[in-house]
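Inspection log for the structure reproduced underneath, given as structure tokens.
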Amino acid sequence: MATRGPTPDKARMGLPDRWLHCPKTGTLINNLFFPFKTPLCKMYDNQIAERRYQFHPAEVFSHPHLHGKKIGLWIDLTNTDRYYFREEVTEHECIYHKMKMAGRGVSPTQEDTDNFIKLVQEFHKKYPDRVVGVHCTHGFNRTGFLIAAYLFQVEEYGLDAAIGEFAENRQKGIYKQDYIDDLFARYDPTEDDKILAPEKPDWEREMSIGMSTQIDNGRPSTSQQIPATNGNNNQNGNQLSGGGDNSKLFMDGLIRGVKVCEDEGKKSMLQAKIKNLCKYNKQGFPGLQPVSLSRGNINLLEQESYMVSWKADGMRYIIYINDGDVYAFDRDNEVFEIENLDFVTKNGAPLMETLVDTEVIIDKVEINGAMCDQPRMLIYDIMRFNSVNVMKEPFYKRFEIIKTEIIDMRTAAFKTGRLKHENQIMSVRRKDFYDLEATAKLFGPKFVQHVGHEIDGLIFQPKKTKYETGRCDKVLKWKPPSHNSVDFLLKVEKKCKEGMLPEWIGYLFVQNLSDPFGTMKATATLKKYHNKIIECTLLVDNQGRPKEWKFMRERTDKSLPNGLRTAENVVETMVNPVTETYLIEYVNHALRVLKRAAAAHRHHQIHQQQLHEGEPEARRQKL
């Protein structure tokens with residue numbers, strides 16, 4: 001029986017091909033993964049002339065790119081055991097897991113990927129503060145494929161964003177086009193604008209001089225030919241979605257004078273700019289993403305002070321304002337250029353380096369006795385103001401900045417004639433938030449009639465939280481049970497069963513499943529939405545049991561469906577709904593809890609003050 005692990009004879013087979021100058025490690029990915037090439041035990045040291053190229057397992061655990069975090073799970077994807085002893089891993093109180101994969105241009109199978117994801121999920125649930133170390137021979141293609149698949153399926157990244165995230169943290173990332181093509185074929189087969197692999201790295205071109213050419217299983221390679229590159233020198237390792245798609249319209253074309261940015265260089269620059277302004281280290285749309293309010297998280301309302309606002313049935317855009325130029329970024333990170341919209345400072349100069357979060361709506365207003373459409377931008381949060389980062393300020397301060405530094409300055413400029421209403425492409429207002437006590441009033445007819453557009457829910461915003469990019473579990477969105485919905489990718493197929501008439505079925509897909517999340521009957525109306533993103537609600541019976549999915553509308557502002565976790569959370573709100581009555585009753589309960597907590601806090605402060613004031617008197621009496 002062959003000896004497991006390295007032996008002198010196995011070490012004499014030589015270093016892995018092209019290993020010597022391959023970068024040792026990447027950096028932390030999503031605060032969870034740490035990619036690296038396979039380390040080698042000390043039996044290989046005599047084959048490495050310069051000590052700086054030696055790479056032992058112990059070096060991984062102490063690497064500065066871990067920023068003090070500990071690796072708790074080590075996943076070895078190589079197809080051999082000759083490189084190091086597993087005890088060199090387990091002696092660091094780390095779980096070692098071997099997942100043999102062929103490599104050499106062969107992507108991980110669906111089963112391999114599912115096993116990897118399950119393993120990481122179970123570990124991360126048990127040890128949320130530990131890191132997962134992953135390596136194949138070089139730590140690029142197999143490693144990148146599996147990490148990107150995990151980010152896509154579990155963390156709900158877009159596929160291009162998942163691949164890009166790995167590229168940013170592992171020296172341009174996956175460099176073999178076959179692996180990228182396989183990712184798209186498996187997870188996003190409808191995407192035409194696929195990412196191109198970066199140019200093959202210099203170290204990959206090198207052949208090991210004086211060493212036998214090896215592959216993972218320790219046998220000599222049958223070919224020493226270096227594959228040709230695709231000629232693409234994509235420095236970022238990914239392409240942002242939306243490039244070249246000129247059919248997309250701002251607000252579905254309801255507002256004239258706004259055009260999509262067709263200059264790809266300018267678009268990429270602007271996308272990188274707002275990503276930097278937000279300190280956002282991922283790909284795609286950098287805005288804060290609220291979560292659905294459910295019976296499972298409604299207790300957050302009693303844990304800290306919240307403000308409440310209505311949820312407008314408009315479209316969300318991040319707006320970048322700089323020196324007279326105004327750009328809008330939708331949830332697909334598409335860039336639009338807005339003309340004839342001015343933002344000024346107190347002295348009338350153009351506002352600089354400002355980034356705000358908005359909803360754009362079409363209000364119904366009465367002008368000279370006739371009802372007219374009034375485009376309006378509602379600013380509800382701010383990340384940058386005049387080059388100053390305000391993301392770490394509490395929400396109530398950011399809310400005040402919107403009024404005093406943006407809305408009031410525009411109002412003053414209109415009064416002095418510096419700005420003219422007739423020259424503005426749309427109206428701009430601050431979207432109001434109210435103390436939590438006002439929740440019930442937002443359901444009242446007086447408020448609903450006052451708002452000139454459709455309301456489709458409420459937003460609950462903590463007063464003292466900073467602005468967070470990406471998913472924020474503290475910011476809650478509530479919709480009436482009848483309005484709760486999931487965004488699906490629709491696939492319409494014709495099914496023919498023997499002895500029966502053909503039937504058209506709509507299959508509803510979310511990002512994280514190769515199997516449909518649900519189905520619905522494909523009517524003639526529905527067929528035209530094949531391969532498009534549609535919004536659906538779930539009809540339930542009077543006992544809360546699911547009946548069927550119902551089509552609501554096409555989501556022209558989105559190019560990807562919801563992720564699995566989001567879809568499951570929304571379904572929970574449909575099956576166990578938070579009704580208007582339940583919400584108002586719970587808000588009143590939360591207010592009572594907060595009031596008691598505030599009273600207890602004041603009582604504690606008074607008590608501490610009395611103790612402090614009594615100390616000098618007690619000392620005098622003792623003397």
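In case you wondered, yes, glycine gets a Cβ from its N, Cα and C as well.
The active site, phosphocysteine intermediate annotation in Swiss-Prot covers CYS136 and rests on experimental evidence. DSSP assigns CYS136 (active site, phosphocysteine intermediate) to coil, not to a helix or a strand.
Residues or ranges marked as active site, N6-GMP-lysine intermediate by Swiss-Prot on the basis of similarity to another entry: LYS311. Under the DSSP three-state reduction, LYS311 (active site, N6-GMP-lysine intermediate) is assigned to strand.
Among the features that Swiss-Prot reports, GTP binding site is placed at ARG316, ARG331, ASP357, THR358, GLU359, LYS477, TRP478, LYS479, ARG553, GLU554, ARG555, THR556, ASP557, LYS558. For the recorded site, GLU359 (GTP binding site), the DSSP three-state label reads strand. Non-local neighbourhood of GLU359 (GTP binding site): ALA312, GLY314, MET315, ARG316, TYR317, MET377, LEU378, TYR380, LYS431, each in the same chain, at least six residues away, with C-beta under 8 Å from its C-beta.
What Swiss-Prot records for 44-196 is domain 'Tyrosine-protein phosphatase'.
Positions annotated as region 'TPase' by Swiss-Prot: 13-224.
Feature annotation from Swiss-Prot assigns region 'Disordered' to 213-243 (among others).
Per Swiss-Prot, the feature region 'GTase' maps to 241-585. Mean model confidence for the region 'GTase' (241-585) is a pLDDT of 90.
Annotation comment: Swiss-Prot describes 603-623 (among others) as region 'Disordered'.
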Rounded to the nearest Å - Cα separation of CYS136 (active site, phosphocysteine intermediate) and ASP557 (GTP binding site): 39
Neighbouring C-beta atoms (10 Å sphere around the C-beta of ARG555 (GTP binding site)): 19
Spatial neighbours, same chain, of ASP557 (GTP binding site) - Cβ under 8 Å, 6+ residues apart: ASP252, MET315, ARG316, ASP330, ARG331, ASP332
Those residues of the chain, 6+ apart, with a Cβ under 8 Å from that of ARG553 (GTP binding site): ILE534, GLU535
ASP557 (GTP binding site) - helix vs strand vs coil (DSSP): coil
Greatest inter-residue Cα distance in Å for the GTP-binding set ARG316, ARG331, ASP357, THR358, GLU359, LYS477, TRP478, LYS479, ARG553, GLU554, ARG555, THR556, ASP557, LYS558: 24
Recorded positions (CYS136, LYS311, ASP357, TRP478), the one with most neighbouring Cβ atoms at 10 Å: CYS136
Cβ atoms near ARG316 (GTP binding site) (within 10 Å, other residues, all chains): 18
